[in-house]
Amino acid sequence: MSEHETTADSEHEPNRRDFLYLATGMAGVVGAASLAWPFIDQMRPDASTLAAASIEVDISSLEKGSTLQVKWRGKPVTIRNRTDKEVQEAKDVQLSDLKDPVARNANLDANADATDINRSAGKGKENWFVMIQVCTHLGCIPLGEQGEFGGWFCPCHGSVYDTAGRIRHGPAPYNMELPPFDLTPGKTVRIG
Amino acid sequence: MSGDHSTYAPRSGFTKWIDTRLPLPRLMHDSFVSYPVPRNLNYAYTFGGILSIMLGLQMLTGIVLAMHYVASTDQAFTSVEFIMRDVNYGWLLRYLHANGASFFFLAVYLHIARGLYYGSYKAPRELLWILGVVILFLMMGTAFMGYVLPWGQMSFWGATVITGFFSAFPAVGDWIQRLLIGGFAVGQPTLNRFYSLHYLLPFMIAGVVILHIWALHVTGQTNPTGVDIRKKTDTIPFTPYATIKDALGMSVFFLVFAYFVFYMPNYLGHADNYIEANSLKTPAEIVPEWYFLPFYAMLRAITFNLGPINSKLGGVLTMFASILVLFVVPWLDTSKVRSAVYRPVYKVCFWLFIVDCLLLGWCGSQPPQGAIVLTAQLGTLYYFGFFLIIMPLLGLVEKPRRLPNSITEAVLSRRQTSAGRPAGATAAPEDRG
């Protein structure tokens, strides 16, 4: 019987079985591929996680030199009313001294320079500073007002950030990120 | 190897009835009773049996722990404390499970070291070895996800750091990381899915273990001489000889295990994991469980950029490569001689490799500063050098010692030479390794 089929296989004209073989095979592949997607997609952030993507914070009581920490998307966001000294120190840094010269500010162009003004809340609001307080190395939470530059210091692997949250030295590759935000000085900030 | 040694003869009418319908008793008898094993197996060959018992024990304790554990970020930590204090024998079950993971890894590392020493990965056992590496991979995934479940500080930050590895990959990294943790940071979706997968993976391991044993029984065991089985006197039946040797090995292993469980159950853990997870506060230092320390050291050893690859991605790639390299070991080793017993230079390189792994483990446990970083870098260099340079080149230049003609000859010559020596100094150690 097997002999019968092997000789037939190589020589015969395409018949109904060949057609069915191809058609069911293709249907199976397409079906399996499209069914696989929901199984992968269910693992991505769900609707409730995405819905909690925006928060509004009252910053009226935030004096100069004080910091507020809020949780946004499960991560700590630091809101700091920087002192004039901190702003001045950050302004004085040359771009060429920075390990990462990109602003990493979600409110600006993706390749904007990491100048202090680009890292702050913008012109006239230079003292206001909103940043995701997560080390860009492996996701630890750096400690505020510490380290060589009086900015942030990550206790995990020793990354040092300045008062504008820019990486100065240590294993972290990038400046800490700034979330999308809308800030009214002395009133509120909307994050997300 | 299997099939031609069957001595199974069903006696009663019932076993004959079974044998003609589902010959499972025959399969068991042929695999674990009459199955021929080399007569010179030493105690390094008992870890396979120990590992199957450990897998069974982990599944058993895990299934009962799952009856009391709650996979919720609000309750996970308290439910573990509840298991420790309120559940009858909960403390014993949890300590068995937690220390069981450590001893599972201890046994698997000794099992792998035995394979590297006696060249167990060489033809025709490549697939057997690869299946073993697959099991190691699955074990690592299972252990990592299990460590997250108690929802302590180390659980949370370990999960953050490890899933953070994936963000190192350009373009798709963040997408993959969010896919893994189901959010923007480790949280409820992460805990829930890790619990589900931690329950699933051991059954997948069990499946691969069956393939591993199947492949073993097709090619047969290696042995300390590395010489193939040539005649009937080279082998002895699995039962009672190997069974009783395995049983003694297990007894000693489980005595040590029991000592840890009953007298120092938290010795291998980290105190920070008895603090509930806090997503706003990172522990002073994040350290993985001891069995991941060498890989962690290699991750942190890459502190420099390599061309377009930044230090973070470089570290992650190095760590993954340190395990992936095991898959190709059968083709990296060019030596025709299997056992390190007859390879004087390889033997030294092998023991250096073991020391190197221990050194890397120590580096992984220390804060990455100063000399530790340099030590870890040199350790990483030797780790990869052993596989990628020593293994291929040594096989070409090393002059191996003369191999015995058969296992029987090796065993008998040892007996003759030891006859005239005082007891204790007996037996050429090179034949046992």
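For all residues, glycine too, the Cβ spot is worked out from N, Cα and C.
Record features (TrEMBL):
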BINDING   B:His111, B:His212  heme b b566 binding site
DOMAIN    B:14-225  domain 'Cytochrome b/b6 N-terminal region profile'
DOMAIN    B:228-405  domain 'Cytochrome b/b6 C-terminal region profile'
REGION    B:414-433  region 'Disordered'
TRANSMEM  B:43-71  transmembrane segment
TRANSMEM  B:91-112  transmembrane segment
TRANSMEM  B:127-149  transmembrane segment
TRANSMEM  B:155-176  transmembrane segment
TRANSMEM  B:197-216  transmembrane segment
TRANSMEM  B:247-269  transmembrane segment
TRANSMEM  B:290-307  transmembrane segment
TRANSMEM  B:313-332  transmembrane segment
TRANSMEM  B:344-362  transmembrane segment
TRANSMEM  B:374-397  transmembrane segment
Going by C-beta under 8 A and a gap of 6 or more residues, the same-chain neighbours of B:His111 (heme b b566 binding site) are B:Phe47, B:Gly48, B:Leu51, B:Gly132
DSSP says B:His111 (heme b b566 binding site), in three-state terms, is helix
Here the 10 Å Cβ neighbour count for B:His212 (heme b b566 binding site) comes out at 22
Taken over the domain 'Cytochrome b/b6 C-terminal region profile' (B:228-405), the predicted model's pLDDT averages 93
